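Note sheet for the following structure.
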């Protein structure tokens, strides 16, 4: 809190005596909570002064005997952020397309970076568009290897949301082939994972300082979520996993405060394979995540993490609408909610975001239009219910990417308005040039706004042959 009283004492000395003037300012206070944000800037207070003139007949002269005392009040430290109710709306609409390679014509600093695994994270003042680059641009001469997931050149980069991730626009945060980031209300936390497959390392950066690390625990490609971590009251929660892409891979959550790990959380329940979780706040008490099982099922593992007890449990989503790719026909998996069903090896990160309302909650999901390939992207919603036990089909809201266009990873995030949060889903639209040329992505963003129906899909507008 600010000091309750600020006193400014101005002492004016004159040739005729001492004039003492005491000015006491009114108490300064501020209120900052989940739905109120007051922005302060440095305030300079100057005590009033008096100019005394002395004149004689022989030598007219003006003498200023006043003294001025200035005090600067520093702005209060920003407050931690908390989830708030979502802004009003009943449908998502196309908000933004970031298609860097529409500008891939000239080499140099203005050339777009070759990226993959984009995501967006937001603080109180701005959202940033993150991605993992191969330290190469298009056009350029370093296309070889840009289809690989892991190498020594990959870095976590970001630009302010709405800017094109070119060489000159991008901030390079750290070496990483897997990443995450989030804002706690005061500062950014950046997460990067790199290193050899059998001994990878989580690295944490808070603001400009590299602050902590976390070592591999299964020695099989330690990796993180490729979307935003989630902060409440200064505590940020990050999902990591370590294990085989075609077998067991048990996830953990790291509780991070001001860039330092203060607790690790080992989930219970259906823990065989959980990776690439997309997480958000269902309430001030619970973080929920829709994740990927690359090994056993096309159903999404669904995490509930209690931030009051720091405990987490995982079960499979029970809905008949299967969200992974590849996947069987909807409703074709027999048995209880925990039944895996048939699984073709592979999977994809899925978009997921909450719509928090006073009387109910909406959960929005994305999935590819194709059951077998990373093509197209649809948006689904389910109001209320429990994803662990509710077997009803999800409601199709609309098509964000047509089946003729690429639909790869997707993610969720929330933009902070003045008094509410705007839920959004982003889609990675990959230009897949194979092993012989560049391999990079555009990002489409859809956000909750207004009512009616989702009206228009997104195209990248990129011809790789040009």
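Using the three backbone atoms N, Cα and C, a Cβ is placed for every residue, glycine included.
If you look up Swiss-Prot, you'll see 9-31 marked as transmembrane segment.
Per Swiss-Prot, the feature topological domain 'Virion surface' maps to 32-466. Over the topological domain 'Virion surface' (32-466), the average per-residue pLDDT in this prediction is 91.
The N-linked glycosylation site annotation in Swiss-Prot covers 56 (among others).
The N-linked glycosylation site annotation in Swiss-Prot covers 64 (among others).
For 87-420 (among others), the entry in Swiss-Prot reads disulfide bond. DSSP gives residue 87 (disulfide bond) a coil state; it is part of no helix or strand. Sequence-distant contacts of residue 87 (disulfide bond), defined by Cβ-Cβ distance under 8 angstroms and a gap of at least six in the same chain, are 417, 420, 421, 422, 448.
Positions annotated as region 'Head of neuraminidase' by Swiss-Prot, on the basis of sequence analysis: 89-466.
If you look up Swiss-Prot, you'll see 122-127 (among others) marked as disulfide bond, on the strength of sequence analysis. Within 10 Å of the C-beta atom of residue 122 (disulfide bond) sit 20 other C-beta atoms, taking all shown protein chains into account. Reduced to three states, the DSSP call for residue 122 (disulfide bond) is strand.
Secondary structure at residue 144 (N-linked glycosylation site), as computed by DSSP, is coil. Summarising the environment of residue 144 (N-linked glycosylation site), the number of other Cβ atoms within 10 Å of its Cβ, over all protein chains shown, is 13. Swiss-Prot lists 144 (among others) with the feature N-linked glycosylation site, giving sequence analysis as the kind of evidence.
Feature annotation from Swiss-Prot assigns active site, proton donor/acceptor to 149; the stated evidence is sequence analysis. According to DSSP, residue 149 (active site, proton donor/acceptor) is assigned to coil rather than to any helix or strand. Other C-beta atoms found within 10 angstroms of the C-beta of residue 149 (active site, proton donor/acceptor) number 12, with every protein chain shown included.
Positions annotated as disulfide bond by Swiss-Prot: 182-229 (among others). Around the Cβ of residue 182 (disulfide bond), 23 further Cβ atoms fall within 10 Å across all displayed protein chains.
Residue environment of residue 236 (disulfide bond) contains 25 other Cβ atoms, counted within 10 Å of its Cβ in all protein chains. What Swiss-Prot lists as disulfide bond is 231-236 (among others), and the listing cites sequence analysis.
Marked as disulfide bond by Swiss-Prot: 277-291 (among others). DSSP assigns residue 277 (disulfide bond) to a strand.
If you draw a 10 Å sphere around the CB of residue 279 (disulfide bond), it holds 27 other CB atoms from the protein chains shown. For 279-289 (among others), the entry in Swiss-Prot reads disulfide bond, with the evidence type sequence analysis.
The number of other CB atoms found within 10 A of the CB of residue 284 (N-linked glycosylation site), across every protein chain shown, is 14. Annotated N-linked glycosylation site per Swiss-Prot: 284 (among others), in sequence order.
Residue 337 (disulfide bond) carries neither a helix nor a strand DSSP state and counts as coil. According to Swiss-Prot, the disulfide bond annotation covers 318-337 (among others), on the basis of sequence analysis.
Secondary structure at residue 447 (disulfide bond), taken from DSSP and collapsed to helix, strand or coil, is strand. Marked as disulfide bond by Swiss-Prot on the basis of sequence analysis: 424-447 (among others).
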> For residue 424 (disulfide bond), which of the recorded positions 122, 284, 291 has the nearest Cα in space?
Replying inline: 122
> In Å, rounded, how far does the Cα of residue 122 (disulfide bond) sit from the Cα of residue 279 (disulfide bond)?
Replying inline: 14
> Within 10 Å of the Cβ of residue 231 (disulfide bond), how many other Cβ atoms can be counted across all chains shown?
Replying inline: 25
>> Please list, in sequence order, the residues in the chain of residue 318 (disulfide bond) that are at least six apart in sequence and whose C-beta is under 8 Å away from its C-beta.
In response: 299, 337, 387, 388, 389, 390, 391
> Which residues, sitting 6 or more apart from residue 447 (disulfide bond) on the same chain, put a CB under 8 Å from its CB?
Replying inline: 92, 93, 95, 415, 422, 423, 424, 425
> What recorded positions among 127, 149, 182 are found with a C-alpha within 10 angstroms of that of residue 277 (disulfide bond)?
Replying inline: none
> Within 10 Å of the Cβ of residue 337 (disulfide bond), how many other Cβ atoms are there?
Replying inline: 17
> Who sits close to residue 127 (disulfide bond): which same-chain residues at least 6 apart have their Cβ under 8 Å from its Cβ?
Replying inline: 120, 121, 160, 161, 413, 415
